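Notes follow the structure.
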């Protein structure tokens, strides 16, 4: 083979397949891979929006940590206050429920807080309130009153504890009672005769009952707070339902003297019958006198009490009317001044 042919790679007729050529092996050079650090050589330019977001994120993280610390401090203070409150409630319950032998409440470790100690000492040193003087009370009654005052103080201690005073709220609610009376369905007056004097001040129809409801106020005394609502029953229109709210602050009016009148009429009729009637013979003169004398006396007392109560209510109504009149004071001052001038001595 000619040398110029062997030098041409395209015209090489070398038949050594799979065997490395010496010239080719000598000419191969190892490749060196060079890793270039592009991040350090050429730093990336940050977007101003990204920088602003990173700053905002850092600020929010710092604020979140600060809020977490504040929340932990508040939770610790709340737990401390809750424990103190529970201790105070327990101590007040023990003092009010009969724990008077222990002068001051102690904590779990056995130590007494200074504020509670001072409070208990002041309560122990303070004398009980003196009993109200009573001119007709016996001397031995005076020794019982301090105990009653101590019991009242214990009740006040129980009421001022953490438990709600339900009894006070129940006493503030007006007393409600109902009365059922049979009445004629054709009677539309809605009047229930219960012995008191009432003044009607309103009437309306409710949703649950087609019959109207009437509203009354007690007019027997000016300051009586009792109200009455009268309405027919929705199930039976022959029944009137009277609902009373409150309690009367006066006595019940005396009933009419029908029994005394009936007894007097009966005695007159029995005296006027003929003597030959066997069943209606008149009794002895002394027996009717003994029977009717208490009734007459009782009727006189009731009439006197009724007239006294009517005069008292009339005086109260007149006083209220005069005090509400704005011109009453001016007229009273004028009358008094004129009377004083008339009675004053005049100098000659």
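Placement of Cβ uses the backbone N, Cα and C atoms for every residue, glycine included.
A quick note: this is a predicted structure, and the numbers were derived from the prediction, not measured.
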Completion exercise
Here Swiss-Prot annotates coiled coil, and of 15-49, 50-84 the range meant is 50-84
Practice task
Select from 88-94, 95-101, 116-122, 137-143 the stretch of residues annotated by Swiss-Prot as motif 'Nuclear localization signal'.
Solution key: 116-122
Handout entry: 204-245, 246-287 - the one Swiss-Prot records as region 'Disordered'
Key = 246-287
Practice task
Tell me, roughly as an integer, the mean pLDDT over the region 'Transcription repression of gibberellic acid (GA)-induced promoters' (267-348).
Solution key: 61
